[in-house]
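Student: Quick one: this structure, given as structure tokens, is what I'll be asking you about.
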Amino acid sequence: MNHSEPLFDAAPWDVDADKLREECGIFGVIGPRDAAAITALGLHALQHRGQEAVGITSFDGHEFYSRRGIGHVAQNFSSAEALAELPGIMAAGHVRYSTTGGSGLRNVQPLFADLATGGFAIAHNGNISNAMHLKRDLVQKGAIFQSTSDTEVIIHLVATSRYPTLLDRFIDALRLVEGAYSLICMTPEGMIACRDPLGIRPLVMGRIGDTYVFASETVALDVIGAEFVREVEPGELIEVSLDGKLSTTRPFGNPAARPCIFEHVYFSRPDSVMGGESVYEVRKAIGRELAREALAEADIVIPVPDSGVPAALGYAQESGIPFELGIIRSHYVGRTFIQPSDGARNADVKRKHNANRAIVQGKRIVLIDDSIVRGTTSLKIVQMMRDAGAAEVHMRIASPPTEHSCFYGVDTPERSKLLAARMDVQAMAEFIQADSLAFVSIDGLYRAVGLQGREAKCPKFCDACFTGEYPTRLTDLGERDQPQLSLPVEKVA
Ligand code: AMP
């Protein structure tokens with residue numbers, strides 16, 4: 001028997017794996033004649049959520065069609081020929097950061113299977129924290145997996161459920177799953193959109209006339225001209241039939257929601273609205289909190305573009321220190337974070353950012369970025385500012401120290417690689433060679449999203465990357481290694 005194939009590519013709990021994990025965006029539309037073209041457009045607006053692979057599956061009332069590719073949406077779905085392969089009035093799509101292992105296209109979503117109830121396509125944003133556990137069990141019972149994606153577990157659970165209808169099988173399957181999932185699924189009857197009981201990853205619903213649309217972020221609705229209807233509620237399951245009838249259920253009770261706070265800090269596009277708040281306004285508010293908490297004596301405020309821009313504006317407005325573009329970003333390289341090796345990441349920072357020497361020279365500067373993960377970006381940027389003649393460099397970060405890995409679908413490396421897990425703030429300042437370094441407090445971050453501090457014992461978000469308090473079980477981490485849980489341990493059911 002061959003044991004060389006990993007159960008999953010770079011499972012987050014596999015501390016030895018130096019591979020990157022998944023971050024994703026999903027989109028689905030039911031109703032229009034050109035569903036695949038609309039999906040391609042929607043995915044394009046979600047490209048920041050995953051840049052390494054993309055897939056679309058469509059349904060024309062009889063057959064499912066699928067096309068998947070490595071690379072950006074525009075590289076795979078711009079041509080009329082590509083879209084002609086995807087006829088139908090319903091389509092769902094997915095963008096992701098793929099793992100760098102040899103598994104290639106087979107992990108690219110939507111995943112598809114022919115079940116006893118008919119065809120079933122699934123696009124998933126999030127991460128299932130007991131997927132290894134479930135997969136072992138399924139494999140023991142004879143399931144044959146086609147991919148190393150955790151999402152495929154859901155397909156097998158649906159396939160082997162004893163309930164008669166697809167919907168009951170689907171709910172039955174999800175009761176066994178823990179962790180984060182926003183899902184868009186297609187069956188011959190229509191589309192199903194749902195969010196895990198805590199609503200960790202986002203999902204919104206929009207409408208154009210009789211056409212329903214689901215997407216990870218509101219920006220995808222804007223781009224296709226759809227109106228925002230509402231968020232899919234945490235734990236809600238919405239079905240839209242092919243003739244446009246909508247029904248909704250809440251099979252998982254009503255636990256308090258814990259949406260991911262990092263969506264506000266970094267992940268979502270600033271022109272999206274999340275949890276009723278403009279992401280851009282929240283980021284500016286974080287900057288204002290940061291200025292109140294950690295004012296630096298400086299001549300200018302400089303954002304690390306693009307992710308630090310709104311927070312830097314807030315910092316400048318609150319402090320009265322002028323905002324300047326002291327770093328110019330090339331738009332022709334991807335995000336630094338997704339490169340496969342540290343070496344490549346280092347080179348990429350230089351290709352991506354350049355000092356605006358005329359602005360920086362001789363000045364005491366406050367540099368604002370949204371987060372420090374490994375510290376690679378900050379170290380290079382501080383150095384770049386000094387090379388350009390900055391007199392002093394004060395780094396301010398618009399999130400608390402990222403001390404803990406994410407097991408819910410945001411790509412953070414294993415703990416040992418997180419700078420804040422290895423050092424205190426003073427040591428981090430020395431590491432990145434800044435004259436000073438400060439992070440916004442967790443209470444400051446909560447105030448920026450409109451809540452009075454973190455309110456001991458009842459956080460309104462999943463903030464595990466900052467606090468280490470994970471809102472679900474992390475079964476695959478092993479029974480003995482469970483980090484602190486911030487909710488009473490109960491199965492997601
Ligand atoms: P690092 O160089 O590892 O410290 O990465 C920090 C930079 O990566 C910051 O400028 C962030 O804007 C960006 N970043 C933070 N978290 C993520 C993430 N999960 N995926 C991609 N980029 C990220």
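Any Cβ shown, glycine's included, is placed from N, Cα and C.
Below are the features I grabbed from TrEMBL:
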type	residues	note
ACT_SITE	Cys24	active site, nucleophile
BINDING	Cys260, Cys406, Cys462, Cys465	[4Fe-4S] cluster binding site
BINDING	Ser307, Asp369, Asp370	Mg(2+) binding site
DOMAIN	24-243	domain 'Glutamine amidotransferase type-2'
Student: Going by DSSP, give the three-state secondary structure for Ser307 (Mg(2+) binding site).
Tutor: coil
Student: So which of Cys260, Ser307, Asp370, Cys406, listed as binding-site residues, have a Cβ under 6 Å from an atom of ligand 1?
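Tutor: Cβ < 6 Å from ligand 1, in sequence order: Ser307, Asp370.
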Student: Relative to the mean position of the Cβ atoms of Cys260, Cys406, Cys462, Cys465, the recorded [4Fe-4S] cluster site, which additional same-chain residues have Cβ within 8 Å?
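Tutor: Other same-chain residues near the [4Fe-4S] cluster site: Ile200, Ile261, Phe262, Tyr408, Val410, Asp463, Ala464.
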Student: Taking the recorded Mg(2+) site as Ser307, Asp369, Asp370, identify the other residues of that chain whose CB atom sits within 8 Å of the mean position of the site's CB atoms, giving them in sequence order.
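Tutor: So the additional residues around the site are Val265, Tyr266, Pro303, Val304, Gly308, Ala311, Ile368, Ser371, Ile397, Ala398.
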Student: According to DSSP, does Cys465 ([4Fe-4S] cluster binding site) sit in a helix, a strand, or coil?
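Tutor: SS state of Cys465 ([4Fe-4S] cluster binding site) = helix.
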Student: Quick one: mean pLDDT on the domain 'Glutamine amidotransferase type-2' (24-243)?
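Tutor: That region's mean pLDDT is 95.
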Student: Between Cys465 ([4Fe-4S] cluster binding site) and Asp370 (Mg(2+) binding site), what is the CA-CA distance rounded to a whole number of Å?
Tutor: 14
Student: Give me the count of other Cβ atoms within 10 A of the Cβ belonging to Asp369 (Mg(2+) binding site).
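Tutor: The answer is 22 other Cβ atoms.
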Student: C-alpha of Asp370 (Mg(2+) binding site) to C-alpha of Cys462 ([4Fe-4S] cluster binding site): distance in Å?
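Tutor: Between the alpha carbons of Asp370 (Mg(2+) binding site) and Cys462 ([4Fe-4S] cluster binding site) there are 17 Å.
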Student: So for Asp370 (Mg(2+) binding site), how many other CB atoms are inside 10 Å of its CB?
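Tutor: Asp370 (Mg(2+) binding site) is surrounded by 24 other Cβ atoms within 10 Å.
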